[in-house]
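Below: one structure, written as structure tokens.
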């Protein structure tokens, strides 16, 4: 008989004392409550820098499963760059230094592309400010900003504030000028609407498009015409004599400071692909020997990468596999990539000895219409596997508290919590019957806050702590744990040595 060690992830199941708007607290959950009272338990931090996100930022399922599976803090691109700036490594970055050295030797210009906002989804304006300060420190004279306006990850009419903030840094450093302005609708298309990208290219390279004396004027004119940040037409900033402040020319350098690839790829390809055929670039195709991307955008972009991908070696799945143990990953469609691809550190392929079970999520318009989703089918499939003694390690995700929690509706979310509790009981009892151990936890909160203080639906994740229960009476747990400590704890329970790459610490004292 195998004694399975199971990790049960109750997706979106956070903890907070206030019961108002709290579906987790209001639901009847006798199984969870019993395990919480009977077995060693603590809470874990699942948001902010503890999971590699900026301080105070709510966690999410991708980040949560990455951290849990990796057994370490996995810094997301935004935080990675922030930490590099804070610790002084940003200015030493070899890729940035090469671009700066190039323009100084050639007497050419440095162009900064990117989304001008602090939304933190695709870019952060602080990273552009760090580049302006670096250029000033290194004595680069010609620095031009090609600002992509946001209006999507931030308010629809916030561009002026970001322009003001940029002008303050330009004044502080004595470096930088706005050269073009374009809404992200044009500059950051990802759906092959190349006519949009072409308008940007022609503004940046040929100085074609509406012209303005400064960035502020461009935004004000757009607003007057009912066009807000995201949709501002690619426009050119001109000097007193109506010539463009700057166009992009041979031997210039570009630093594209967006860190999220999907909406950066198309415009980067226009500048880096010699055989680009999506539209006619015209007679002027500037040769840019130093085109720097903040992160790895795509194999189709021929640029240098400032922050190269971090390979996650020796994740929990890999270590368990190398120890010769059999593992099962099981979830319904909505969370299947999380227990497989993300849990394995961004790896698609199965490890030796790994089996996967995918249960289809129900086909409904929104999950508040079916709060139980496919949890009963997932549970039946898993209990059958446990009874057949097939696996040493089980990774299970119950999706309901998160997927229904996103509705911001109390009644369906309470039902989702109650269905989750019912199935949690079935799975844990099957594991205990085999003399196994379950770890019950979550990747982030959601169902714990369904209403704002004024009664409006709250559809986002929360920053509340998540539960951590080990169904084994003879262990003691420490406080202050994070998601990256879960894999080392599982290895402790399995009696498998923790690899050096896993920098998390076991929660078992």
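In case you wondered, yes, glycine gets a Cβ from its N, Cα and C as well.
These come from Swiss-Prot:
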type: ACT_SITE; residues: 61; note: active site, phosphoserine intermediate
type: BINDING; residues: 11, 61, 443, 444; note: Mn(2+) 2 binding site
type: BINDING; residues: 122, 152, 153, 184, 190, 260, 261, 262, 263, 335; note: substrate binding site
type: BINDING; residues: 402, 406, 461; note: Mn(2+) 1 binding site
type: MOD_RES; residues: 35; note: phosphotyrosine
Next item on the list: Using C-alpha positions only, work out which of the recorded positions 61, 443, 444 is nearest to residue 190 (substrate binding site).
Entry: 61
Item checked: Nearest of the recorded positions (35, 261, 402, 406, 443) to the residue listed as 'active site, phosphoserine intermediate' - Cα to Cα -> 443
Check: For Mn(2+) 2, what surrounds 11, 61, 443, 444 with a Cβ no more than 8 Å from their Cβ centroid?
Finding: 9, 12, 46, 59, 60, 64, 65, 335, 338, 402, 442, 446, 461
Note to self: Please list, in sequence order, the residues in the chain of residue 122 (substrate binding site) that are at least six apart in sequence and whose C-beta is under 8 Å away from its C-beta.
What the structure shows: 115, 153, 188, 258, 259, 260, 263, 264
Note to self: Using the Cβ center of 402, 406, 461 as the Mn(2+) 1 site position, which other residues in that chain lie within 8 Å, going by their Cβ?
What the structure shows: 11, 12, 60, 61, 401, 403, 405, 444, 446, 447, 459, 460
Checklist line | Binding residues 122, 152, 153, 184, 190, 260, 261, 262, 263, 335 (substrate) - maximum C-alpha distance in whole Å | finding: 30
Next item on the list: Other Cβ atoms within 10 Å is the metric here; tell me which of the binding-site residues 153, 402 scores highest.
Entry: 402
Note to self: Quick check on the binding-site residues: of 190, 263, 406, 444, whose CB has the lowest count of neighbouring CB atoms inside 10 Å?
What the structure shows: 190
Checklist line | Neighbour count (Cβ, 10 Å) for residue 61 (active site, phosphoserine intermediate) | finding: 24
Check: Which recorded positions from the set 35, 261, 461 come within 10 angstroms of residue 444 (Mn(2+) 2 binding site), judged by C-alpha positions?
Finding: 461
Margin query: Is it possible to get the count of other C-beta atoms within 10 angstroms of the C-beta of residue 443 (Mn(2+) 2 binding site)?
Written below: 33
Check: Taking the Cβ of the residue listed as 'phosphotyrosine' as centre, how many other Cβ atoms lie within 10 Å?
Finding: 21
